[in-house]
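Have a look at the structure below before the remarks.
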């Protein structure tokens, strides 16, 4: 009999439930009650798990409650000499005895009571098992998970730039401590750009603005004197890659409506970059759906606003027969465009019942139709191929209602107004387009004309443009000075000096697409005093010209260096300006204007990604204008070690998250603005002079920043340091920068600081990367973060 009971006991030893949240949550030996044989009272909190051993020898011991032996399975169980309660409830209170098998000797005699004064274990306060003055002994517990159900998500896959939070809520008595490991090594975040936040009271680890280098296994280790438990999370950071908008398949969908009803067409757009969305309706002009060049006529029904959330839905109220036809959702960003189409069928009201009956009848014969259509599929395909070939020869355009029609004929859309013969004006907007080949010849050698659609809002007559001397050039493009007659419509006989961007003869299709993309981006962004504005385009009967504002005084770096005061350590690269040195308010004004331009670009959801003094142009009236904000830069193909044509290293203007992980945001532009501030107050100095690139990387990771330039007030240096905070979220916004610089402008006057004084021993003319940095001439401040509080109204940088 005893043998049979022993065998049954062995088979029943498998737990019916587990106190662990995963296989990685280690089970430690359970504690024994404090005393043996003597009666003991333990106070337990509601919801707390209980695990007690019956003496030093667990074999041959059984637990009883109120005289009844506990089963070896269930929420409350006694097995292998252990008393286990998964979650303590009021009905679990009472007297428990541990008896030795055979002799029935009382090994333990204890009473469990629930103390309502104790916080529930559901409370996230880890001090659940604090001491009490009631005289009762509180249950000593090895660490345990209080909310294992919240820890079930092991894999966290998030886009770069997001915030990640790992939680391991636990409790125990004595109160356990928590430590974090990354890939098996102690993790304190000291080498992570932006640092980490450890919230021990919430058992959590928080990392802001994650980057691909944050990938790995993160383990929480919770321990006290009675044991330890651990749990691991896997973090995968998905690197953002620039791409054109993605449209959800099947949307917009074909729709059938009745005259007088309302219709909604939905277009779901996914895009990292701010998309520009248009709803288009295909229309007929003079009996034709297509122009002479084969491109469709399209009416623009709805266009996105910068803050619009309703543009993805096209609402058609009280539809009529004229509303029937093909509708297209067109979405574009700085990378490219995507579009999908659907058909709207409008039925007369009296045909509604007939249509329903017909649809029901058709559904009954669906199977028959499928079989028949399958047998005729080959014949139909041959017929369609013949019809298509005939249409291609004769230029006949036939339209068929399909669920999604990919209109490859107008990937680049332009809007213009159709002039009516009767009134001279029309509210009807048309879009026509051109296809850029991605499979044709790689070069546009000998290009003399480009078949781009006419855009009367921006088209400028080519014969009124006289090209002059080159202002700058790259491998495949160039900028020339030009004279434009009648650019100002109010003064048609006046000539204006402009700058014209164009392609060289050896430009590729990709270069052409980039120039068109820049042109479209400038159209979408609009006008502002502190950016280079688009004035017009030449797209007809010749090469593509993009006409922009002309800046007579060149870029800001040259402007600053030409106005350096005389001295042994400051000398201009070229001829010294006759206008003399700049005053301190003039320098602050330069920074203020650039900040205003960047604030506007930020409001238009435009990330510059290459903000530097060389990309800020200066007009004849000393107005700062940000340039090259519409360029489509391939950030995944940047050679970070390659110098630019003028010898400067782009990496020196890049934020750490952009430099190391290629994450570009408005806050990475703020970092670059801080470098630009440094350029301004060194009068065009080269950042990090004498610092090799390899050393620069490690210095930035360690938190080192450039020291204060000579004659730069501590307030403005504090502003630079705020821009250089390691955590992107802790940097100021451009709106805050504009407000801070505006206050400085109001406070200063011409007598505040005269830069005609000779500068200190620092020379910004040092080499960029050829020499090494010694301790005596280092431009780095070796304190990782500001030593004094920021005078500006945004969060102060904190040491990480």
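Positions of Cβ are set from backbone N, Cα and C atoms, glycine also.
Residues or ranges marked as active site, proton acceptor by Swiss-Prot on the basis of sequence analysis: 610. According to DSSP, residue 610 (active site, proton acceptor) is assigned to coil rather than to any helix or strand.
In three-state terms derived from DSSP, residue 473 (ATP binding site) belongs to an extended strand segment. The C-beta environment of residue 473 (ATP binding site), restricted to residues of the same chain at least 6 apart in sequence and closer than 8 Å, consists of 479, 504. Under the heading ATP binding site, Swiss-Prot lists 471, 472, 473, 474, 475, 476, 477, 478, 479, 501.
Look at Swiss-Prot and you will find 770-781 tagged as compositional bias 'Low complexity'.
Neighbours of residue 98 (disulfide bond), defined as other CB atoms within 10 A of its CB across all chains, total 26. The disulfide bond feature in Swiss-Prot is assigned to 54-98 (among others).
Within 10 Å of the C-beta of residue 168 (disulfide bond) we count 29 further C-beta atoms, all protein chains included. According to Swiss-Prot, the feature disulfide bond maps to 168-220 (among others), an assignment based on sequence analysis.
DSSP assigns residue 267 (disulfide bond) to coil, not to a helix or a strand. Around the Cβ of residue 267 (disulfide bond), the number of neighbouring Cβ atoms within 10 Å comes to 24. Sequence annotations record features per position, and here Swiss-Prot assigns disulfide bond to 267-329 (among others).
The domain 'Ig-like C2-type 1' annotation in Swiss-Prot covers 17-115.
Look at Swiss-Prot and you will find 148-236 tagged as domain 'Ig-like C2-type 2'.
Mapped onto DSSP helix, strand and coil, the domain 'Ig-like C2-type 3' (245-345) counts 3 helix, 50 strand, 48 coil. Summarising the annotation, Swiss-Prot assigns domain 'Ig-like C2-type 3' to 245-345.
Summarising the annotation, Swiss-Prot assigns domain 'Protein kinase' to 465-753 and lists sequence analysis as the type of evidence.
Neighbours of residue 109 (N-linked glycosylation site), defined as other CB atoms within 10 A of its CB across all chains, total 17. Residue 109 (N-linked glycosylation site) falls within a strand segment according to DSSP. Annotated N-linked glycosylation site per Swiss-Prot: 109 (among others), in sequence order.
Counting Cβ atoms from all protein chains shown, residue 254 (N-linked glycosylation site) has 17 others lying within 10 Å of its own Cβ. Residues or ranges marked as N-linked glycosylation site in Swiss-Prot (evidence: sequence analysis): 254 (among others).
Close to residue 286 (N-linked glycosylation site) in the fold, though at least 6 residues off in sequence, lies no residue with a CB less than 8 Å from its CB. According to Swiss-Prot, the N-linked glycosylation site annotation covers 286 (among others), on the basis of sequence analysis.
The N-linked glycosylation site annotation in Swiss-Prot covers 307 (among others).
The feature phosphoserine is assigned by Swiss-Prot to 571.
Positions annotated as phosphotyrosine by Swiss-Prot: 640 (among others).
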Which same-chain residues, if any, lie at least 6 apart from residue 477 (ATP binding site) yet have Cβ under 8 Å of it: 501, 502, 503, 504, 507, 511, 515
Per DSSP, three-state class assigned to residue 168 (disulfide bond): coil
Integer Cα-Cα distance in angstrom, residue 610 (active site, proton acceptor) to residue 471 (ATP binding site): 20
Spatial neighbours, same chain, of residue 220 (disulfide bond) - Cβ under 8 Å, 6+ residues apart: 166, 168, 178, 179, 180, 181, 203, 205, 230, 231, 232
DSSP residue counts for the domain 'Ig-like C2-type 2' (148-236), split into helix, strand and coil: 10 helix, 47 strand, 32 coil
Model confidence over the domain 'Ig-like C2-type 3' (245-345), averaged pLDDT: 85
Residue, out of the recorded positions 329, 471, 479, whose Cβ gathers the largest set of other Cβ atoms within 10 Å: 329
Distance check against residue 98 (disulfide bond) for the recorded positions 109, 254, 267, 329, 471, keeping those with Cα within 10 Å: 109
Nearest of the recorded positions (54, 109, 254, 267) to residue 471 (ATP binding site) - Cα to Cα: 267
Assigned element (helix, strand, coil) containing residue 54 (disulfide bond), judged by DSSP: coil
